[in-house]
Amino acid sequence: MKVYVRFKPTETPISHKLLHPSSSSTSSDSPPPLTQSLNLSLPTSSPTFTFPTGGILDGDTSQDMIYRQTTEHCAKLCTEGVASCVFAYGQTGSGKTYTVTGGSQYDERGLIPRAITDVFQHLSKKEGESKVYVSFIEVYQEACYDLLDQEKRLKKLEEWDKIQTKEDSNGELTLEGVRVYECDAEESALSLLFLGNMNRITSSTKMNLASSRSHAIFTISTTRTVGKKVETGKMHVVDLAGSERSGKTNDIVSEFKLKDHFVKNERRKSESVDINLSLHYLQRVIYSLQLSSPHIPYRNSLMTQILKSSLGGNSNTIFIGCLSLESENVQESLSTLNFLTRCGSVQVKYSRNISTKHTSSTLTEEIKSLNKKLKEKEDALNAVTKKMEKLKGVNRELKERVEAGPVTEKIPFPIISNQLVSYLRRSASTVARPESSRF
């Protein structure tokens, strides 16, 4: 897995400094070099974190450069039949959602809007028939919801429709009922992104006035058909909920407003527990992958089940750790760096997803063959059914006889007449014959 660290810009003085011990010179028209290791000079220690395949992006790095360094390649791969996944990980207020979706200005666009633009641009230059699909879901308290539900914001939390999950024959989790929209232009995809962001669960905390309380997964899927060859690409961008301890996210007030419905602090505490537990299971999955354990605990969490193929399957996976270096956030930042170090040591492989498109004649022959087999099965079933009905009739008749008890069998009249004639004839013959005597 590739790992990147992004520092949130800050205007306040920071009591610790960042050292960038490794760098390399590049041409002026290329992106700035990515540092491979990071040393934090703290009052009590100077830990060093090394990221073998990623880099360090400081607070002065623009949104455009963040995208070019971390996600641009993923958008290109998505149009070439490759699956990718980009995670934004860090504590509340560290800049995850800003990194993923961006700010209010055009040049502040985040990873997703820029990726959408690039996907359409790449496909427009390729031959064949291309299609783009978008879906947007969130995982909140171990339940999955569709963020593209037009009426979601009009309903109370208890009225939201949960997405049903089901495992397929390969152990992959399928989501039943998720809205997947085909987009013919980037504008329609961007409008869906806007709708989904409006539907996300947020609440006020001491660390962030609009803290995301759910894990959001935005997915761009593409298909490109050239002749009989079909390439299927996919790109997940995951904005994880804050990774901080629950004690750091106490409410500003005793109640907060959620979808025009006042929810008490008890729900807030439950949120923090579920978020921390979900991220804990994500860390366990990464730890198990790092050790190449025979059993990876994907099933402990709904999020890791949904993203199973992105974490340990055929996927180009990237983690972006967002850090805030204010003094009160140092411990959370160290925790994030430790987690990213583990992610960086996990080996992932990916390949293109290419299938063969069946022609109409091939499909017609296939259908005929299947219909013939189906007819044979139906005929055999009908024969068995008729035999069963006949046996049922015999069984019913025997049962009625048993229930009626023993009776004298009635012989039909023609049979009685014939027997009587034969008896009379034998009797007449006996009378006419003289009785023989024996000595």
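For all residues, glycine too, the Cβ spot is worked out from N, Cα and C.
What TrEMBL says about a protein is an automatic prediction, not a curated fact.
Model, not experiment: these values are computed from the prediction.
Residues or ranges marked as domain 'Kinesin motor' in TrEMBL: 1-346. Per TrEMBL, the feature region 'Disordered' maps to 15-46. Annotated compositional bias 'Low complexity' per TrEMBL: 20-46, in sequence order. Annotation comment: TrEMBL describes Gly90, Gln91, Thr92, Gly93, Ser94, Gly95, Lys96, Thr97 as ATP binding site. Taken from TrEMBL, the feature coiled coil covers 360-401.
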Binding-site residues: Gly90, Gly93, Gly95 - member with fewest neighbouring CB atoms within 10 Å: Gly95
Local confidence of the prediction over the domain 'Kinesin motor' (1-346), expressed as mean pLDDT: 81
Reduced DSSP assignment, Gly90 (ATP binding site): strand
Packing count at Lys96 (ATP binding site) (other Cβ atoms within 10 Å of its Cβ): 28
Cβ atoms near Thr97 (ATP binding site) (within 10 Å, other residues, all chains): 24
